[in-house]
Amino acid sequence: MATATSPQAAASAILNHTSPTYTFAFTPFLQQTYQVSLPADRPICRAFNTGTCPNGTRCPERHVLINPSESTQRQGGLNSLVCKHWLRGLCKKGEHCEFLHEYNLRKMPECNFFMRNGYCSNGDECLYLHIDPLSRLPPCPHYDMGFCPLGPRCAKKHVRRKLCVYYLAGFCPDGPECKAGAHPKWQTNLDRPRARSEVKEEEDAEREARIEAAMGREEEERREDWGGGRGGGQHRGRGGRWRGGRGRFRGKH
């Protein structure tokens, strides 16, 4: 007999889905000897970051070198995004990779094509994240205080909030912990609001710089994946001598 499932329960089962875990008698042996079937969210070994780990390859924790400058710039911390090189089968770091080596749609990296062009040819079938450019805009402080003279032409985001009636009347007993509505604060040192047309050139220049930086990082990572740093120069030199030899051979005839 089929059981009825409420929409809330079905949505919760989809959003909070967890894959079943299977344990076998040889699972501990594989985990200790070959580090197979270890959880991806296991903690990072602190001893390995200090210099050496006494457990070596048998350590149950992740051996990942953390650069303090990179860790502060990376948003979300480690294991927050799926490794884009692993998706193409080109990640050479293996267990030492700072990113996830699992197929998780909720932790996919951002789509570079959508970030550069504002659209993606794959559409809804793209497996990477499509982040709305409007979500990156900061809120308009003039609109937060109650009025922005530019209206929809403002370069910043206008977020509608419900005002607290007690704060609007002059005093709210809950103060900063009020949940009845927003408490807009009057500020006198705000900059002049700017229209979208004024900041379009600056945004285009910043986007071009961001695209060039992303392309440079991708090129460096591609060279590292294919080992271009070690043998690229030798292969180019050999090709030059071979082309020269062919030219001399043609000259004799």
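Using N, Cα and C of the backbone, Cβ positions are placed for all residues, glycine too.
Those TrEMBL annotations? Automatic predictions, nothing curated.
Taking the domain 'C3H1-type' (39-66) as a whole, pLDDT averages 72 in the prediction. For 39-66 (among others), the entry in TrEMBL reads domain 'C3H1-type'.
The feature zinc finger is assigned by TrEMBL to 39-66 (among others).
According to TrEMBL, the domain 'C3H1-type' annotation covers 77-104 (among others).
TrEMBL lists 77-104 (among others) with the feature zinc finger. Helix, strand and coil content of the zinc finger (77-104), in residues and according to DSSP, is 7 helix, 2 strand, 19 coil.
Sequence annotations record features per position, and here TrEMBL assigns domain 'C3H1-type' to 105-133 (among others). Secondary structure of the domain 'C3H1-type' (105-133) per DSSP, as helix, strand and coil residue counts: 13 helix, 2 strand, 14 coil.
Residues annotated as zinc finger in TrEMBL: 105-133 (among others).
Taken from TrEMBL, the feature domain 'C3H1-type' applies to 134-161 (among others).
The feature zinc finger is assigned by TrEMBL to 134-161 (among others). Nonlocal intrachain contacts for the zinc finger (134-161), taken as residues 6+ away from its ends with a CB within less than 8 angstroms of a stretch CB, comprise 181-182, 184-187, 190, 193-199.
The domain 'C3H1-type' annotation in TrEMBL covers 163-186 (among others). Cβ atoms under 8 Å from those of the domain 'C3H1-type' (163-186) belong to residues 144-146 of the same chain, restricted to positions at least 6 beyond its ends.
As annotated by TrEMBL, zinc finger applies to 163-186 (among others). Across the zinc finger (163-186), DSSP assigns 8 helix, 2 strand, 14 coil.
If you look up TrEMBL, you'll see 183-253 marked as region 'Disordered'.
TrEMBL lists 207-227 with the feature compositional bias 'Basic and acidic residues'. Tertiary proximity for the compositional bias 'Basic and acidic residues' (207-227) is limited to same-chain residues at least six positions away from its ends with a CB under 8 Å from its CB atoms, namely 85, 90-92, 112, 115-116.
Annotated compositional bias 'Basic residues' per TrEMBL: 233-253, in sequence order.
Counted with DSSP, the domain 'C3H1-type' (134-161) comes out as 11 helix, 3 strand, 14 coil. Residue counts for the compositional bias 'Basic and acidic residues' (207-227) under DSSP (helix as H, G, I; strand as E, B; rest coil) come to 19 helix, 0 strand, 2 coil.
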